[in-house]
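Q: Have a look at this one.
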Ligand code: GBH
């Protein structure tokens with residue numbers, strides 16, 4: 001039997017996905033194109049020329065996929081809505097058929113006792129809004145808030161927990177800075193403007209989701225110096241990656257040192273009076289996505305980070321700090337090449353709790369890619385993923401023990417899926433997908449997660465099982 005990991009019995013244990021990574025059916029039922037359709041169909045953007053056209057056909061297989069979630073015993077399922085399914089042009093009339101898919105999904109989850117956690121935006125901007133300027137344009141923030149209200153009118157009675165944005169750092173600095181993500185633009189000033197309008201959209205949307213639990217998900221990294229002379233490198237990268245989003249959202253101000261680092265990039269003329277107060281809308285929780293630690297130097301060898309899969313032609317996502325290098329320490333890595341560093345998760349959670357106003361935290365993504373294959377007996381042996389998840393859930397328990405109000409954890413990902421610029425070459429799932437047949441196979445890690453969830457419910461002092 002799996003050992004309980006020391007988590008509170010009411011700790012939420014779920015799994016996460018994102019619309020473009022799993023749904024496929026990109027032209028079905030009136031869906032409009034998003035920037036990821038355009039980007040993935042542009043030669044040279046995605047490893048192997050992969051696209052999300054078919055992905056794992058979740059749009060057609062939703063009922064069976066929810067049955068898989070129920071079999072794993074998930075408390076909650078974190079998914080995102082494809083904005084261009086609901087509003088094909090990103091504004092105006094609702095596409096009822098697209099909306100109905102999410103109604104059916106939510107109803108199926110509720111029927112199975114799984115809490116739906118809805119993310120409004122996981123990177124797939126309607127192409128029509130990109131054509132009108134995209135996130136560097138202020139109007140996009142208002143279009144996002146209207147879309148949020150539309151979704152809330154449709155599902156606010158059944159979905160309790162809403163996340164506005166997934167990882168605005170990626171949307172801004174990978175989408176408009178390095179160009180490794182859609183829409184593939186490469187301009188530091190645009191990236192900074194995009195970050196502002198993403199956060200503004202978040203703040204505007206948060207006010208239009210009354211009666212719901214509302215949060216935003218940031219991808220935060222532990223950050224360490226490679227050597228004794230690297231404190232400035234840490235300050236810069238922690239600044240752009242973490243504080244550039246945490247400070248506006250939770251404190252209502254931009255970090256002055258990061259603004260100074262960006263002096264040669266932008267004068268922040270796009271920030272209007274009152275914006276930061278809007279951005280700092282009161283929140284019910286903060287979502288933290290954690291994968292690894294950044295170890296940085298300005299003083300020695302290293303390579304880029306956020307510079308994409310080998311062979312893709314992209315720029316730097318670190319405007320004003322392009323000279324910082326990223327160093328590996330020789331720890332074991334995942335198939336993404338990311339060093340496995342569970343203590344970094346404790347560090348990140350504790351840091352957010354102690355340096356910012358207290359609010360409930362959730363790990364909204366954590367997981368690892370490995371090159372899994374189906375064995376002759378039909379199973380998938382992925383002991384490295386089990387070890388990764390076990391270590392990071394123990395890190396969650398440690399954070400809780402230190403007084404961090406961490407309330408839950410979502411494994412990334414429920415299924416193998418379209419891993420953005422890496423295409424289908426990297427597998428993060430608890431459930432294996434054979435892309436030729438769309439056959440799903442629960443991996444050993446999925447079985448391990450199921451028994452871990454059950455054991456957590458039986459933990460000493462647990463009271464009534466949920
Ligand atoms: C999360 O991003 C995403 O929310 C999720 O959709 C994704 O599938 C998951 O992580 C796993 O990557 O290596 O230069 O090509 C985490 C932050 C940003 C890390 C994009 C990987 C790829 C940049 N990710 N990055 S690069």
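Glycine is treated like the rest: Cβ placed from N, Cα and C.
Pulled the feature table from TrEMBL, pasting it below:
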- 167: active site, proton donor (ACT_SITE)
- 365: active site, nucleophile (ACT_SITE)
- 21, 122, 166, 291, 412, 419, 420: substrate binding site (BINDING)
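Thinking about packing and proximity, how do these listed features fit into the structure?
A: Taking the Cβ of residue 167 (active site, proton donor) as reference, residues of its chain lying under 8 Å away and at least six apart in sequence are, in sequence order, 122, 123, 217, 218, 219, 289.
Classification of residue 365 (active site, nucleophile) by DSSP places it within a strand. Same-chain residues at least 6 positions away in sequence with a Cβ under 8 Å from that of residue 365 (active site, nucleophile) are, in sequence order, 16, 78, 217, 219, 287, 289, 290, 291, 410, 411, 412, 413.
In the three-state DSSP assignment, the secondary structure recorded for residue 419 (substrate binding site) is coil. Within 10 Å of the C-beta of residue 419 (substrate binding site) we count 21 further C-beta atoms, all protein chains included.
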Q: Take the Cβ of residue 166 (substrate binding site) and count every other Cβ within 10 Å, whichever protein chain it belongs to.
A: 24
Q: Neighbourhood of the substrate site (21, 122, 166, 291, 412, 419, 420): other residues with Cβ within 8 Å of the Cβ centroid, in order?
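A: In sequence order, the nearby non-listed residues are 18, 167, 365, 413, 417, 428.
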Q: Mind computing the max CA-CA distance among 21, 122, 166, 291, 412, 419, 420, which the record assigns to substrate binding, rounded to whole Å?
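A: If we measure all Cα pairs in 21, 122, 166, 291, 412, 419, 420, the largest is 18 Å.
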Q: Give me the non-local Cβ neighbours of residue 21 (substrate binding site): same chain, 6+ apart in sequence, Cβ-Cβ under 8 Å, ordered along the sequence.
A: 52, 55, 122, 413, 417, 418, 419, 420
Q: I'd like the Cβ neighbour count for residue 420 (substrate binding site), meaning other Cβ atoms within 10 Å of its Cβ, all protein chains included.
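A: Result for residue 420 (substrate binding site): 26 other Cβ atoms within 10 Å.
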Q: CB neighbours of residue 291 (substrate binding site) within 10 A?
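A: Result for residue 291 (substrate binding site): 24 other Cβ atoms within 10 Å.
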